[in-house]
Amino acid sequence: MEEMASSMLSAEAVNNVYNIPTVTTQDDALASNSRLRGNKQFPIAGNKSNDKNTSRKFYEAHAKNLEAAKKLVDKYISSSEEEDELDETKILKALYKNYSDRKEDEHLLAKTASFLENILHSGSATCLICIASVKRTDAIWSCKHCYCFFHLNCIRRWANDSMAQRKAQERNIQGYYNHLGEYVSPKKEKALHWCCPQCRREFQPNEKPATYECFCGRETDPLPQPWLLPHSCGEICGKLLQPNCSHKCNILCHPGPCPPCAQYAITSCKCGKSKPKSMRCLEKDWECQEKCNSLLPCGRHKCRQLCHKPQQCPPCSQKSIQACECGAESMRRQCCERKWQCQQVCSKLYACGIHMCKKVCHSGDCGECPLSLPRSCPCGKTKKVGPCTEIIDTCGDTCQKILACGQHTCTQRCHKGNCNLCLVITKKKCRCGLHEKELPCSKEFTCETKCKQSRDCGIHSCNRKCCDRNCPPCTKLCGQPLSCGKHKCQSVCHKGPCYPCGQQSQVNCRCGKTRKSVPCGRERTVRIACLEHCKIPSKCHHVNQHRCHKNECPSCSQICGLPNNTTGCGHICKAKCHSYVKVSSKSNSETGHIWEPSKRIEYKSLPHPRCEEKVLVACIGGHEVEERPCWNSNPKSCQRLCNRQLPCGNHKCTLICHSVSHPDNMEAQQGCMSCENGCNIPRPNGCIHNCPRPCHLPPCNPCNVAIKTKCHCGLMQIIYKCCDYYNNQGAVTDIAERQERLKSCGNRCLKNYSCGHRCAAQCHAGPCPETNNCRKRLRIYCECKRLKQEISCDKHRSGLTKLKCDANCLDIIKKSEMSRHMAEESLRKQEEERNRLEVEQFEKRFNKRKHKERKSVELKEKREINWKLLFMYAGIFSAILLAVGLAFYEDH
């Protein structure tokens, strides 16, 4: 269709622009030129050379214009041009393949389906900025809050314009100096941002879209695919579902919000009385039909509500007779409102017996009399504690309480009640700060000057008297022409671009059976998705199955269905219909004329393509039978291995599939290879030597290779044959004994038992045998190392590792403990004396010097020496030394 339009525009439209008749030959061109020159605007000249120059210039100018028109047509794309139809059923099935086909899921996908309908019917989606169709090949941006999508270039231009206007307005807003010479700062503006044209949600400047992404944001610049949703990457969405249940969206990349969770979970009801059952993740908090029957906080009634979470019973709804807090009145009230107060004053006497309680209905004791507590005068400068019968009078001093103005104090004497209004005469400024006047401090001053500051719209002024610079928002209508060119903005006066036009217009399809409401100003470019079949007669042998559309019918996309007469195989042609196909042909510029276009578009009936019907074909080696197209049904090599059994009986032919006389026989035939391998029969377990014979049938000769290795204890080198050691004949125990005997040197083992003594067995493998039969002698001691005894190793292993201390050992231990305690006590006393001396020196150095007093000399009485105690200590010390000496002597 584009090529037809280009040819029509190049041949007809260009001629109409220049008012030139269509010609096909040079004679016609000369005749046309002569008719043009015969006009009054082109007088006929008598000179032939001038006529030739004029015609040559005319041809050159017309050729340039024609080339420019051809370039314009090549780049021209009609705004009303239809795009190819999408297979909507397949796309929807692919999107919802992870959801079940049950009917209760239909209402959960309704919100997402509305966005899918707009995007599937390419052309029905509208960009609210430019009021043009959003095609599936256009780069778009989708809002994360309202899910409305726009052209990427449009939304970037919208964001740039919005932020540029805000910057310009902030530059124009400046501070000023009033008549008093004071600087008034400008009104603070909001931070720089831009808004979505649909939901007016604010975005930061760094959130301005820069790249074209799919709906899930996983792929940049997604390519349009006819089997995928437009602007989608075709992968699973993967966004967290809302409300958040920790599951992710399982449908393919899609526009709009994600549908509710389709997962199932085995959950119990809220009260937990019913058995768990499988429920949708969205409905996992389900309720059974059993009553709660839990005792309510009132203690009288039980909960009659149906299934709910434990400890979350509603308040008791029944009524009962309840007394107030003081117990004076009783009335029928809600059982859940157990505490209530009547309007009676308590009027009980305090402990003083004179004053009465003035609280309204309360429980418990009234407490102490408030007049018996510490009281102060009305101004609070003097406090006094006295009996409750005594009246506290004013102190007679100045009140000096802060008045309501917050600046001055009360000048009256101490008084009861509230202070008077402030009557101090001060200079006060009005709210706008332009005028000043002397007034009492308690009065507010407002002037009659009107505010000339612009409101938030930036167009109209405030005009409010004595404004405090917090101007109210503008209430006038905007009235600017909208982008549709038909209506004006009816919103309140605002900054930035106006909202798109909200008016709707109705547009009919080509057959007139479908109507659609579209935004105002988009009547010519909208595409109506009419579900009726096209009424235009088909140009091929098929019936039209595409829907109602504008402009020319698209090429037939049905299967041909006629016998393929090109190959003569008799199969039905399954290619796309080729009875009426648009073909563009290039004309030869040497033979053609300058007036003739270089491209011609024709509709031709093309021959059948080669037959693609699948037929069974066997390979030349008889290994497989595969399906191939009819045009390529000659047998060929399957490129597998021949795999026929060779005469040796062990190997198979490894040549690539080749021609044989009998394909069904898997024995070696003429053309197969001959075996050149060596023996590959597995050797006994442990033997690593290869058989020296060529490829043969089992068995192989015994391996006579001599093996040199060390014995089990590692002292001597042992030599034995491989066949003797790895001989698998006999029982498992016999084989193990034979291998053990071959590797043993016959000497005594060098290893030690776990007790530390040397093994008594001959050279062997593994752990030493009879470890519990060791009878060697050991020496054991008591805890103080004074007693000792020799025992056998088996008694030591049975648990006899120490001797018990006797009475002499215990006496020695007690004496040593007493001497240790005495030494510790003497050290403690020395430390206390040292600390006392340090404290005295510190106080003498840093404290103030006191008046010296005469030291009184005290005569200390001479104490007599306690010789009995001294001899006792000496005996204890000598006994300790004797015990230590004996222990040392016995050890050595």
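Using the three backbone atoms N, Cα and C, a Cβ is placed for every residue, glycine included.
Here TrEMBL gives coiled coil for one range in the set 29-56, 813-840, 841-868: that range is 813-840. Residues 784, 805, 876-877, 879-880, 883 of the same chain, all 6+ positions outside the coiled coil (813-840), place their C-beta atoms under 8 angstroms from a C-beta of that stretch.
Here the domain 'NF-X1-type' (540-558) has a mean pLDDT of 84 out of 100. Taking Cβ pairs closer than 8 Å, the domain 'NF-X1-type' (405-424) reaches residues 377-379, 381, 394-399, 440-442 in its own chain, all 6 or more past its ends.
When Cβ-Cβ distances below 8 Å are used as the criterion, the transmembrane segment (869-889) is approached by residues 784-786, 811-812, 815-816, 818-819 of the same chain, each at least six residues removed from its ends. For the domain 'NF-X1-type' (484-503), the residues of the chain that approach it from at least six positions outside its boundaries are 128-129, 131, 158, 161-162, 165-166, 169, 195, 197, 455-460, 473-478, 519-522, judged by C-beta separation under 8 angstroms.
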